[in-house]
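These come from Swiss-Prot:
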BINDING   GLY15, MET16, SER17, GLY18, ALA19, GLY20, LYS21, THR22  ATP binding site
BINDING   ASP66, LEU67, ARG68, SER69  GTP binding site
Amino acid sequence: MSTGSAHVQMVIITGMSGAGKTVAIQSFEDLGYFCVDNLPPTLLPKFLELIRESGNKMNKIALVMDLRSRDFFDRLFVALDDLAETSWVTPKILFLDANDATLVSRYKETRRSHPLAPSGLPLEGINLERQLLEELKGRAQMIIDTSNLKPRELREKIVQTFATPTTTTFSVNVVSFGFKYGLPIDADLVFDVRFLPNPHYIEHMRPKTGLDEEVSSYVLKWTETQKFIEKVTDLLSFMLPHYKREGKSQVVIAIGCTGGQHRSVTLAEYIGRYFADEYTTHVSHRDIAKRKDTHR
C-alpha cells in the first residue's frame, strides 16, 4: 500500500429523504467528483483502501449515505470516527434538510412512499427519520435547507461552495455534421449552413475539407458567412451564460451542411475558436471521414 498518496477530499451527502440528495450528487459529478450513490457504511473502509491502492487517482469523492442502507446507524458513526483518524482524507458531511410541509408536498408530487413509512402517511416517516438523523445533523460541517430552493438553485449553491478555481463546470462542444447522415442525437442547438456557397462545386476543393486553409478561406470570405457568424456568435454569447446558470455542465452546438466536409467544418472550427477564451471548448467533426461523391 502506498504511503505517499495524494490527499483526498471526501463529501458525504446525507439528510432527509426528499431533500435533494439526487440533485446534490449530480452537481458533484459535474464538478469532477467521483460519485457513489447509496454506499453502505460497512463498505466505506474497503472503498477507501481501494482508493489508496490506486494511488489516489480519484482525489475528489462524493458519497450518498442514507437510510436505504439497512445498517446505516449501526455502522455510520463508527465509519466517521475512523475517517477522523485518517490523515490522507478530509471528510465533510453535507446534510440536506427541508421542512415537513415541503417534504410531504414532494412525496405527494412524486407519488412515492417514504422509506420509513412504506404503507403509512409520509409525515409519520418524516418525523421518525428526523429523530434518527438528529445526531448526524449535529456532526455536519454544512447544512442546506432546500425548502425554498428549486433544483437549479440547489445546484448553484453546491457549485458555488465546492467548486475550485481549476474546476471545469461548463464546456462548449461544437460538432460539425452532414444532414445526409442524420442529426447528432445529443445536440442542444443545431445550425444549418447549407445556404452558404459550397466549395464542393469547385473541383480542386472537392476532396479537401474545412480544415484546409483554402477551403476555410473560401467559406469565410462571403458576406452571408460573415453575417451568419455575427448573428450566431451574438446569439450564443447571450445564451451560453444562461445555460451555465441553469446548471448545465455542457452545451452541444451542432453545425450542419450537406455532407459534413466543407462548410460545417469551417464554421465549427471558427465558433470553437471564438469561445475558447471564455469557455472550455471542444471541436469535433462527426462526418469528416465519410467521403462520397455528393454535395458537401
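Backbone N, Cα and C define each Cβ position, glycine as well.
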- Any idea which of the binding-site residues GLY15, ASP66 has the thinnest Cβ neighbourhood at 10 Å? ASP66
- Query: How big is the gap, in Å, between the Cα of GLY20 (ATP binding site) and that of ASP66 (GTP binding site), rounded to a whole number?
  - Reply: 12
- Task: Within 10 Å of each Cβ, count the other Cβ atoms, then let me know which of the binding-site residues MET16, ALA19, LEU67 comes out lowest.
- Result: LEU67
- Query: How big is the gap, in Å, between the Cα of THR22 (ATP binding site) and that of ASP66 (GTP binding site), rounded to a whole number?
  - Reply: 12
